[in-house]
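Asks: One structure, as C-alpha cells, below. Some questions next.
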Amino acid sequence: MKRKIYKLLICATIATSLWAVRTTKVYAWDGKADGTGTHAMIATQGVTILENDLSSNEPEVIRNNLEILKQNMHDLQLGSTYPDYDKNAYDLYQDHFWDPDTDNNFTKDSKWYLSYSIPDTAESQIRKFSALARYEWKRGNYKQATFYLGEAMHYFGDADTPYHAANVTAVDSPGHVKFETFAEDRKDQYKINTTGSKTNDAFYSNILTNEDFNSWSKEFARSFAKTAKDLYYSHANMSCSWDEWDYAAKVALANSQKGTSGYIYRFLHDVSDGKDSSANKNVNELVAYITTGGEKYAGTDDYMYFGIKTKDGQTQEWTMDNPGNDFMTGSQDTYTFKLKDKNLKIDDIQNMWIRKSKYTEFGDDYKPANIKVIANGNVVLNKDINEWISGNSTYNIK
C-alpha cells in the first residue's frame, strides 16, 4: 500500500545494494520466463524419473493422472520458472530462501538485513502452491493445477540450493550468483533419469506414510535442504575449488530432481485417493491467498483485516499487512494467521470475513476478485467476490 512508503524507505539502501545483482541473477537455480533453464530441467526430469521408477503395481488412476500431467508438461515448466518473474514477488526474493535449521529466510537470520522480516519462506511456499495445485486438479483444472505444481517445485528447488539453504545472499557472497551460473552452464551433465528405486521401494513408499501433508512436506524438504546447506560449507563456497563446485552442483541438482519426483508422486496419490487431510485435524494456522481485481483503482491504501468466529462465539482478527505494497491492482497477496486456540478444527469455524477500515477520512474503495483460505494443506474456502467494498466495511466470505 502507498501508506507504507516509509517501509520502502527503510529498505532503500538494501534494495540499492542488491539492484545491480538482481538485474543479472539473484535467484537460485536459473530459469527463463519461457519455461527453460535449470528449474525447468529439474521439473521435467522429476516427471521422467517418476515415469521410469513407476512400479507395475501402481493403481491405474495414478498412471492416468501421470499421463494428464505429462500432457501439461509445458505448464509445469512455465510454473517452475515463474516465481523469478512474478510481478507480485518480493524484490529481494526473500521467500526463496529457507534455512532448515532455523526455519527462517535471511530476513530474520542475516545481520545486515535491517528492514521488516518476511514471514514466507521457500518451504512455506512449497506447501501453499501444492495446496492450490491439488485443489485445482480435483476440480478438473489440470492446466492451472500443473502450473501451480510447477511453482511449488520451483521453491523446492530453491530450498535445495546450497546458498539458499544456508541463507547466503548475493550481498553476503559473490559466490551466490557464480555458483548458480556454474550449475546452469553444466545442468545437462547433472541430469538423472531414476532414483535407483521403484515406487514400491522405501524411498517412494515412505513418502506416503504420513497423511498430514504439511508435516510430511516440511520434513521431506528439510532432509534435502540440510544436505544442500552442508554442501555450501563443504563444497560450494568461494573458498572451494572448481572440482568441489562440480561435486556440489552434481549432488544438489541430483537431489533436486529426486526430491521433485517424490513430490510429484505424493501429489498424484493425494489427488487420486480423494482424502481430505484437513478434516478432523487441529488447525494451527490459516493461509489467505487474496487476488485484487485487475481494473483501474481496484486496489486500496486502507487498512485490511481478516477475521473468524467459531461456533462457540469466539472471535479472532488479524491485520493483513505485508512489507512493501499489497492490495494493489491485480496483485496476489498471501497472509498467514496463527490461531490462538490450538484445539480448533476447520469445522469449528462458523464465519470468516475480510474488513476494510479507512486510512484517511475519505478512504478509498477496494475490489477483491477472489480469496482462497488454506488449512492443513487444503483449500477449505474459495470465494469469488468481484464487488466494491467502500468505507469502513465488513465482507463475509463464509
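Cβ atoms are placed via backbone N, Cα and C, with glycine included.
What you are looking at is a predicted structure, and each value in this text was computed from that prediction instead of being measured.
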Asks: Tell me which range among 257-265, 266-274, 275-283, 383-391 Swiss-Prot lists as region 'Linker'.
Replies: 275-283
Asks: Got a sec? Which of these binding-site residues, D84, D301, has the most Cβ atoms within 10 Å?
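Replies: Checking each of D84, D301, the winner is D84.
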Asks: Going by Cα-Cα distance, which of the binding-site residues (H39, D84, H154, D158, H176) sits nearest to D326 (Ca(2+) 3 binding site)?
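Replies: Comparing Cα positions, the closest of these binding-site residues turns out to be D84.
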Asks: Distance check, please: Cα of D84 (Zn(2+) 3 binding site) against Cα of H39 (Zn(2+) 1 binding site), rounded to an integer number of angstrom.
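Replies: For D84 (Zn(2+) 3 binding site) versus H39 (Zn(2+) 1 binding site), the Cα atoms are 10 Å apart.
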Asks: Here are the binding-site residues: E180, D321, D326. Which has the lowest count of other Cβ atoms within 10 Å?
Replies: D321
Asks: If you count Cβ atoms within 10 Å of each one, which of the binding-site residues H96, N325 comes out on top?
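Replies: The largest 10 Å Cβ neighbour count belongs to H96.
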Asks: Count, for each of the binding-site residues H164, H176, the other C-beta atoms lying within 10 angstroms of its own C-beta, and report the residue with the smallest count.
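Replies: Across H164, H176, these binding-site residues, the one with fewest Cβ atoms within 10 Å is H176.
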